[in-house]
Amino acid sequence: MEISMTSHINNAVETFRLEIETLEKLKNSIDENFEKACEIILENNRDKSRVIITGMGKSGHIGKKMAATFASTGTPAFFVHPGEAGHGDFGMITKNDVLIAISNSGTSSEIMGLLPMIKHLDIPIIAITSNPKSILARNSNVTLNLHVDKEACPLNLAPTSSTTATLVLGDALAIALLKAKNFSEKDFAFSHPNGALGRKLILKVENIMRKGNEIPIVKPTDNIRKAILEISDKGVGNTLVAENNTLLGIFTDGDLRRMFEAESFNSQRAISEVMTKNPKSISKEEMAITALEKMEKYEITSLAVVDNGHNILGIVTMHDLIKLELR
């Protein structure tokens with residue numbers, strides 16, 4: 001039987017409509033139980049507890065995402081599969097933790113099987129379910145009712161509206177906790193060290209600068225030929241000029257090109273005669289993004305890294321910073 005494109009679109013729109021209705025109903029039902037759930041988590045977090053999230057099937061998939069969102073927004077959390085918990089993983093849960101148990105029906109046999117041990121630990125249980133009279137709800141400290149009467153699935157079988165509601169409720173909890181803890185952009189960066197924001201807010205110059213034998217350095221009495229060899233060897237595009245490791249100047253490949261264009265080029269001249277004195281530098285404690293901004297401002301491709309006495313500690317290059325994708 002041929003199905004028209006219009007039918008596909010109508011089915012999609014109907015799915016959106018049903019799930020949006022579910023979310024509207026959930027939004028309008030948020031009450032003091034949501035407040036209690038947040039307070040339970042915040043109170044236990046003061047004792048460095050974790051939020052343990054469990055759920056079976058599609059609820060479990062949503063639970064994994066919920067745990068990941070909690071963990072990345074300042075609430076330590078991880079997912080425990082209820083089936084595996086019954087075969088050893090229950091040992092991951094401690095008496096200081098808080099459990100969020102997800103079951104739309106509130107009767108998941110795997111979660112029911114864990115209730116005696118959870119009660120034995122005497123840890124707070126937050127139930128997420130559409131059945132406030134279920135065994136799970138009756139054994140919980142607080143129940144967050146999803147209020148899902150019908151799935152978007154026309155068979156009313158595949159978890160659709162219920163999983164969407166659970167996902168959004170989890171996000172609502174995470175954001176409420178984030179705001180309660182005054183979780184900042186910098187805090188977020190620490191939990192995302194490999195992301196662009198993390199690198200921007202965490203990486204310092206000392207973390208990415210070239211050190212030791214990687215630093216191109218010549219003495220002021222060395223000739224231009226020696227400087228050219230140093231530039232070629234270190235591949236930075238310039239060489240620092242230093243006396244007893246104190247920064248005096250810099251000689252770049254741009255300086256070299258301009259000298260070649262002059263009629264009186266002499267590779268035996270002392271580098272001190274042609275170097276740029278008092279070059280731009282930066283402290284190792286500065287942020288990497290600051291080094292990038294400084295290079296862009298002065299239209300240069302590297303910065304000497306020095307201490308308060310102008311002693312050379314390293315060199316940071318535009319090329320290295322671009323590879324970090326700080327923006």
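One is the number of the first residue shown, and numbering goes on along the chain from there.
Here the Cβ of each residue, glycine as well, is placed from N, Cα and C on the backbone.
Swiss-Prot lists 41-183 with the feature domain 'SIS'.
Non-local neighbourhood of LYS58 (site 'Catalytically relevant'): PRO159, SER162, THR163, each in the same chain, at least six residues away, with C-beta under 8 Å from its C-beta. When secondary structure is read from DSSP and collapsed to three states, LYS58 (site 'Catalytically relevant') falls in the helix class. Sequence annotations record features per position, and here Swiss-Prot assigns site 'Catalytically relevant' to LYS58 (among others) based on similarity to another entry.
Listed in sequence order, there are no same-chain residues at least 6 apart in sequence whose CB falls under 8 Å from the CB of GLU273 (substrate binding site). Positions annotated as substrate binding site by Swiss-Prot, on the basis of similarity to another entry: 74-75, HIS81, HIS87, 113-122, 147-149, THR221, GLU273.
The Zn(2+) binding site annotation in Swiss-Prot covers HIS81. The DSSP secondary structure for HIS81 (Zn(2+) binding site) is coil.
Feature annotation from Swiss-Prot assigns site 'Catalytically relevant' to GLU110 (among others); the stated evidence is similarity to another entry. In sequence order, MET56, PRO82, GLY83, GLY86 constitute the residues six or more apart from GLU110 (site 'Catalytically relevant') in its chain with CB-CB distances below 8 Å.
The DSSP secondary structure for GLU151 (site 'Catalytically relevant') is coil. Around GLU151 (site 'Catalytically relevant'), the C-beta neighbours below 8 angstroms that are at least 6 residues distant in the chain are LEU157, ALA158, PRO159, THR160, SER161, SER162. The feature site 'Catalytically relevant' is assigned by Swiss-Prot to GLU151 (among others).
In sequence order, SER72, GLY198 constitute the residues six or more apart from HIS192 (site 'Catalytically relevant') in its chain with CB-CB distances below 8 Å. Per Swiss-Prot, the feature site 'Catalytically relevant' maps to HIS192 (among others); the stated evidence is similarity to another entry.
According to Swiss-Prot, the feature domain 'CBS 1' maps to 209-268, an assignment based on sequence analysis.
Swiss-Prot lists 275-327 with the feature domain 'CBS 2'. Applying DSSP to the domain 'CBS 2' (275-327) sorts its residues as follows: 17 helix, 17 strand, 19 coil.
For LEU115 (substrate binding site) paired with HIS81 (Zn(2+) binding site), the C-alpha to C-alpha distance reads 14 Å. Here the domain 'SIS' (41-183) has, by DSSP, the following mix of helix, strand and coil residues: 65 helix, 22 strand, 56 coil. Each of the binding-site residues HIS81, HIS87 was scored by other CB atoms within 10 A of its CB, and the lowest score goes to HIS87. The average pLDDT the prediction assigns to the domain 'CBS 2' (275-327) is 94.
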